[in-house]
């Protein structure tokens, strides 16, 4: 099986690479690339994302044909894709970090700044927080409800269709921290920084 972690110059993704390689061992071939042909021929794709919504979208668009190839992989061919942090946020139609920016539009919705309730909640939201699993999800197999995952973000994805939400976390409000829509999976938290439970989520994705 071939799995591609998309490297589109969106910040340091070494921890994502290391975690996937640790779980994959020699059973899965992990490629780290933005090569369009390698993405097309992959069985699964991982879309990481660090930085702002706009900077990540701009970095994707800067590589000729990458967005079209990801659309073909995910929407047309319906192969499994996992978005992590801003990788998940880019599923949205629009993001409002820095300026209004068009997302990939795979899951209708928007990305807005977390309401800190007059500085009652610190932003960015950094650290371990409990997740509330709200529907059965393939990537949560073997993960207990109320498990703790690691977060670093100031913006939240608000999908129009609430049925895609697989988990939330309570920080200022019920923030979406995981989605599943057919072959599209996303986590707002960082599985690669979430210790053994995070590695289990990576394993579940690789086992799809």
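Glycine too: its Cβ is placed from the backbone N, Cα and C atoms.
Copied over from Swiss-Prot, here are the features:
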ACT_SITE  85  active site, nucleophile
ACT_SITE  190  active site
ACT_SITE  192  active site
DOMAIN    2-208  domain 'Glutamine amidotransferase type-1'
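Counting every protein chain shown, the Cβ of residue 190 (active site) has 20 other Cβ atoms within 10 Å. On the 0 to 100 pLDDT scale, the domain 'Glutamine amidotransferase type-1' (2-208) averages 96 in the predicted structure.
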